[in-house]
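Take this structure, written in structure tokens, and hold onto it; I'll ask about it next.
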Amino acid sequence: MDNVLIARSLFGTTMAFHIIFATIGVGLPLMILTAELIYQKTKNYEYVVMAKRWTKAFAVLLGVGIPTGTIAGVQLSLLWPGFMEVIGRVMPLPFQIEIYAFFIEALFMSIYVYAAERISPWLRVLSLILVALGALASAVLITNVHAFQGTPAGFRYENGQIVDIDPWAAFFNPGFAVTALHVAVSAYVVGAFIVASVSAFKMLRNEYGSRLYRFHQKALMISLVMGGIFSFLTAINGHAAAQYLHEYQPEKLAAAEGLFETQSHAPLAIGGFTDRETQEVKWGIEIPWALSFLAGNSFDTVVVGLNDFPEELWPPLFIHTLFNVMVFIGTFLILIALLGIAWKWILKKEQWPKFFLWILVLSGPLAIVAIECGWIFACTGRQPWVIYRILKTADAATSATNLGAISILFFSVYIILGIAVVSVLLYYFRKNTVLDDFERAENKGIPLYGSNS
Amino acid sequence: MTDALLAITVLWGFVFIYAVMATMDFGAGFWSMVYINRDKTTATNVANRYLSPTWEVTNTFIVALVVALYSLFPKATYTLGTILIIPGSAILLLLALRSAFLVFSNIATEYRKPLTYISGITGIIIPGILISVLPITHGQAIDHVDGVANLDLASLFTSPNTYAFIGFAISSTLFLSSLLLADYSKVSREMHAYKVYLKDGQIFGPLSLAMAFLIMLTLRNEAPWLYDRMIADLPLLWLSIGFFLIAGLGLFLPSFADKGVRGMPRLAVVATILQYLVASYVYGKAHLPYIIYPEITIQEAFTDPNSFRAVFTTYIVGFLILFPGFFYFWRLFMNDKQYLRQVGEEKE
Ligand code: HDD
Ligand code: HEM
Ligand code: HEM
């Protein structure tokens, strides 16, 4: 394998691993905050027990999210020094400001967990809000660098030289708002459906009508409402994201849709595989005119096809599949959230059908799959550019040659961490059952958060 | 002061803060491992109580450091990224294992021992590799092939100077962390633990000093340019030794404030930090203007003026926003005597 390919695989794997923990790290604090607020309002301690258990899970996940993020941040300079040189000069602000967001998250997370019993309720809520805001801000800011890679701004590129640098114009590059919003709302989708998965699984494991069944059902309802709202927002905003691709990175949209000829009234291809030889999408379903409408809100919109670009600048064609999977999961999640809410609140049923609960168990992993597909689509769909039409990936890569062995070490560490984190979570929640936490919450003398930490 | 000088001063400040915090962090992790089998003393508990709320904050500093480096000196990124790929990756791998298992050891209580061993041992290796970045920037171990800089690992790891740095990093990590934990246990009124850490400080203090001398001794042969410039600041080097001796007094003399207690750990901690400050100032000043000797200087690597202004503005705003947070944090975990004592009593 050549050096650049190894660097791409290594960095892609790091990101694909980090993003699992990072996304949950953004999404879960909002769920914790919601539970904590419901508790402050209702004083029903079941909600504080939820908040505590989710916080513990969050703290464990941070133990992997933070070091893998640190790896990501440093690897950017180690593997793509050419890229970071440009970023350092033109786009340093997001990384810089992100540090403050990390600090806020780290400080108040420690305060919320390790001083929970020493601070007043409103300070607890405030700490949580700051944790949630810190996590959100770090996601938005790092995404801004990614947005800049797609829509570079704030400098002029002349004869291979970067001149006229305006770091704030780079910060507010055209892709920022839509991309950051998409990442933020999709992270809340993940946070909600991860909780839904676990709650649904626990409902399957506990007898209908038992105290635990009802406890998990409460958690499930919170997550379905949150999940429903945010997956709806994700879809709306995803539509805007596609329109922005149409405007700024037409070859990415063309590859995502398997469109070769530039045309108005362009069809939308769903599913199937793009065939480079015959220039068509095989085994897909075609909806006439739909792509033009999606791209520009009118059937007359001319959508640019791949043939308008030299073939060596085409993104890989498999991104069509990644895009489809993301959109399919997004639609599916909206539907099951609506179905679940209707079941409980409109049909007023207490008992949940087993097969539906099993579908809900799948919802969390599906949301993660959507995140992975979305990111690999966005990063791989930018190829061969690392900064769109400015810098090629191959030119940004390190010239070091011993990357193979290093990659194997990193992959092994990710496997070790992955196995360890799952084992620790299973161990902890098996040892500290919901009933144990109920007891701690009922007896005022025993600390709930401090227990076993 | 030119902007480039201002920038390198900020960077040096970050390195210094991270060095102190990381020393305490990695050291506390190591001591928590060493004393895990001693049921009688609460030394492990003291170390953990310090460590649990702080490791995340400390870790953020290393990220801040890397970010500051490529935002302020982007034109050094290419060379630094290339030559540091091996040591950088080693640090990242160890850091990942260390942080994760530190968290796991606090959650999976039945498996605390093996998990603490993993985080303690990986943790104490990290400072050694981190500090090897310094001898790398001295330039002897860098080869140039077709205009691209490459690290020559063999020459790096056959140099006695490198080992002097590594030895210094590990011994001073253990030294400063034991001082801090001595202070921490004294405030918590855990005298057993206090005595243990005081004794560790008495062992590792002289060892660190010896290592520091060893660095100078080997530097003289391997990077004479740096050695000569450091010696030019001889008065400051004496001052640094003076602070070290004050720290020694803080370790061995009976306390003025508390009758019948040997040692003034707070004094020792402060004196040692001042000693680091002075010594690292001398080192940093001698290293200027080179980031990597002899080809990358701060002026050449410096960012564009507009970007510098913007970044510097965020430093000021960020500091103003974060400072109250840090202060509150410090008060809550390090200076709340009632809390510390109460936790101390519960554990006994
Ligand atoms: C729960 C996750 C999730 C869900 C359900 C969706 N997305 Fe998404 N999508 C992401 C998670 C995501 C992401 C992982 O967060 C990405 C990767 C890069 C980015 O900006 O967000 C992304 C990128 C992304 C892009 C590419 C942006 C770029 O290349 O810069 C488009 C066009 C869409 N999405 C469109 C949609 C549409 C039309 C959806 C319809 C439901 C949708 N997404 C659902
Ligand atoms: C967190 C989720 C992310 C995932 C799963 C992800 C995935 C990937 C993958 C698979 C590649 C290799 C692309 C290829 O060569 O085909 C890649 C490259 C890259 N990504 Fe991302 N990425 C993520 C987020 C980001 C963000 C937020 C940034 C911006 C800071 C970023 C910057 C880069 C860079 C600089 C490269 C290397 C150059 C290139 O191949 O274009 N990535 N990423
Ligand atoms: C868009 C995708 C990303 C999201 C949503 C995201 C989000 C987060 C979050 C929420 C954290 C806090 C830890 C946690 O909760 O697990 C975190 C940690 C971190 N992330 Fe990511 N991240 C993303 C991509 C990246 C990339 C591309 C980099 C590399 C430049 C990066 C660098 C870091 C670093 C350095 C940390 C550790 C912070 C610390 O030390 O406190 N992240 N990330």
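Any Cβ shown, glycine's included, is placed from N, Cα and C.
Note that TrEMBL annotation is computational and uncurated.
Features from TrEMBL:
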- B:6-36: transmembrane segment (TRANSMEM)
- B:57-73: transmembrane segment (TRANSMEM)
- B:79-103: transmembrane segment (TRANSMEM)
- B:115-136: transmembrane segment (TRANSMEM)
- B:163-182: transmembrane segment (TRANSMEM)
- B:203-219: transmembrane segment (TRANSMEM)
- B:231-253: transmembrane segment (TRANSMEM)
- B:265-284: transmembrane segment (TRANSMEM)
- B:312-333: transmembrane segment (TRANSMEM)
Should anything in the same chain at least six residues away from the transmembrane segment (B:231-253) have a Cβ under 8 Å from its Cβ atoms, list it; otherwise answer none.
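Apart from its flanks, the transmembrane segment (B:231-253) reaches 179, 198, 201-202, 205, 209, 262-269, 271-272, 274-275, 278-279, 281-282, 285-286.
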Which sequence-distant residues neighbour the transmembrane segment (B:163-182)? Criterion: at least 6 residues beyond either end, Cβ under 8 Å.
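Answer is 20, 22-28, 30-31, 43, 46-47, 50, 124, 127-132, 134-135, 193-194, 197-198, 200-201, 204-205, 207-208, 211-212, 214-215, 217-219, 247, 251, 263, 265, 268-269, 272-273, 276.
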Return the stretch with the most CB pairs under 8 A relative to the transmembrane segment (B:6-36), choosing among B:57-73, B:79-103, B:115-136, B:203-219, B:265-284.
B:57-73
When you scan the chain for residues with a C-beta under 8 Å from the transmembrane segment (B:79-103), skipping those not six or more beyond its ends, what do you find?
26, 29, 51, 55, 59, 62, 69, 115-116, 118-119, 122-123, 125-126, 129-130, 132-133, 136, 142, 148-151, 153, 291-292, 295-296
What parts of the chain pack near the transmembrane segment (B:57-73), using Cβ distances under 8 Å and only residues at least 6 beyond its ends?
7-8, 10-11, 14-15, 17-18, 21-22, 24-25, 80, 95, 99, 291, 298, 301-303, 307-308, 311, 329
